[in-house]
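Notes for the one structure printed next.
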Amino acid sequence: MSAPAPDVPPPGAHARAIDAAYAVLFAAAPLLAVFAHRGFAPLMLVAGVLAATRGELWRLGRNRIIRRPDLRDPLTAGALAVLALSGWIAASGLWSPQPAAGKLALNVAGAAFACGAAVWAASGGPRPRLAALYAGAVILGAALLFIESRTGGLLRALAPPADLSPERHKDITALGRGLTALAPAVFPAAALVHLYAKGRMRAPALAPVALVALALAAALGLTIAANVAALAAGALAAALALAAPRRVLGGLFWLALGLLAAAPLLAAALPAEALATGAFGELPLSWLQRLFIWRAAGGLALDCLPWGCGADFARAYSAAGATVSLPGAEGPVPLLPIHPHSVFLQIWLELGLPGAALFGVVLIAGFALLARADPAPPLAAALAGAAAAVLVSAAIEASLWQVWRLAAVGFAGIGVMLTKCIHDRR
């Protein structure tokens, strides 16, 4: 077996202790998906803190970011862009109508570096037991969510205390958010399942397909259409990446960059009134409202150029009470809720051109890192599936300020790194 690369932590007692702690964290993931999806944020924070107990990580950061920063290195450029973006978020508090910019900046920087550290710590050579536990945790989480989708939330209903409130129906929405947190991890878990099934099953490709199908079946029963779209897009991207890994990963990168660049113009041009009158066929009320939200956010983003309206501006705008009347709604609905249901739009709206440029640098650095790695087809499928699921969620429903969503990306990243370690071992 070849020696680990200089930037990869070598195995040892400390690494084994961290692996044991990771195993406990992975075991908690299925329960978090069912009962407390926001718990993925502290889970990844703990994982990042554990990784930070490795002296190698601090030496790596000091050499690459402080002593000899080389912007040609994607990891360095990406880390510096995250720091600059967080600084800009904090600075936007000077003109934001909300007072939380400093906290939001710390949330973004903390989540990014905690997740990065956790992924790095998973890279220190093959960890078959840890990888198997990760895959098993995702499988169990998907299975539990499928059961919940078919029983109306039986496990949440059985968990004390008894919930007799008239808002019990919100449990299904919470379960849908649990699947949102788990969805990107389905694809690295499926890749791990394939690697373990290879040589042990006559048709090893059926095992990962079954996992993705299980997650999709759960999504169909949990009322959040964005989950279905994310998993379907991830499945398509993963399948295509098996045949053309570099092209698919490159296509996802250019799609993400294009959506970021064009978000406010596309949103402001939406023919929302024509859609509301049924000119293009009837849409569900939630999606009709989303079109109005996007159009309003796009127009406001263009009005606030070049600096943006300030971090968390949408929350203040929502509190002002602007509404719109839609066919089928019982009354007026918010024109812009606490976030515009699109990370790309949110960045333009609240952080302006500097925020969009810095986020674009993060995307470019991430793709450059992948291009250098030149992943083999199984790893490319895991990457493409997770990236496509994240991209769909970011484009049509997510908020940059929801730390649990950032943590979900990190959790999937750990799975991708474990997939790489297992694949390289074979």
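Positions of Cβ are set from backbone N, Cα and C atoms, glycine also.
Per TrEMBL, the features are as follows:
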type: DOMAIN; residues: 210-359; note: domain 'O-antigen ligase-related'
type: TRANSMEM; residues: 20-53; note: transmembrane segment
type: TRANSMEM; residues: 74-95; note: transmembrane segment
type: TRANSMEM; residues: 101-123; note: transmembrane segment
type: TRANSMEM; residues: 130-147; note: transmembrane segment
type: TRANSMEM; residues: 174-196; note: transmembrane segment
type: TRANSMEM; residues: 203-222; note: transmembrane segment
type: TRANSMEM; residues: 228-245; note: transmembrane segment
type: TRANSMEM; residues: 252-272; note: transmembrane segment
type: TRANSMEM; residues: 351-371; note: transmembrane segment
type: TRANSMEM; residues: 378-396; note: transmembrane segment
type: TRANSMEM; residues: 402-422; note: transmembrane segment
Region pair the transmembrane segment (378-396) / the transmembrane segment (228-245), three or more CB pairs under 8 Å: yes
Interface-richest range of 74-95, 174-196, 203-222, 228-245, 402-422 toward the transmembrane segment (130-147), CB pairs under 8 Å: 174-196
Contact ranking winner - 174-196, 203-222, 252-272, 351-371, 402-422 against the transmembrane segment (74-95), Cβ under 8 Å: 351-371
Top partner of the transmembrane segment (252-272) among 174-196, 203-222, 228-245, 351-371 - counted as Cβ pairs under 8 Å: 351-371
Summary of DSSP states over the domain 'O-antigen ligase-related' (210-359), given as helix, strand and coil counts: 102 helix, 4 strand, 44 coil
Same-chain residue ranges lying at least 6 outside the transmembrane segment (402-422) that approach it to Cβ under 8 Å: 22, 29, 37-41, 43-45, 47-48, 107-108, 111-112, 114-116, 118-120, 122-123, 125-128, 130-131, 134-135, 138, 180-185, 187-189, 191-192, 195, 339, 375, 378-379, 382-383, 386, 389-390, 393
Top partner of the transmembrane segment (101-123) among 20-53, 174-196, 203-222, 351-371 - counted as Cβ pairs under 8 Å: 20-53
Mean per-residue pLDDT computed across the domain 'O-antigen ligase-related' (210-359): 92
Residues from the same chain, set at least six apart from the ends of the transmembrane segment (174-196), whose C-beta lies under 8 A from its own: 29, 32-35, 37, 40, 131-132, 134-135, 137-139, 141-142, 145, 148-149, 153, 156, 204-205, 207-209, 211-212, 215, 218-219, 222-224, 226-227, 230-231, 234, 238, 378-379, 381-382, 384-386, 389-390, 393, 397, 404-405, 407-409, 411-412, 415-416, 418-419, 422-423, 426
Contact set, same chain, for the transmembrane segment (351-371): CB under 8 Å, 6 or more residues outside the stretch: 74-75, 77-78, 81-82, 84-85, 88-89, 92, 246, 249-250, 253, 256-257, 260-261, 301, 304-309, 311, 383
Within-chain partners of the transmembrane segment (20-53) [C-beta distance under 8 Å, separation at least 6 from its ends]: 14, 110-111, 113-118, 120-122, 129-130, 133-134, 137-138, 140-141, 144-145, 148, 155-156, 159, 174-175, 177-182, 185, 403-404, 406-408, 410-411, 414
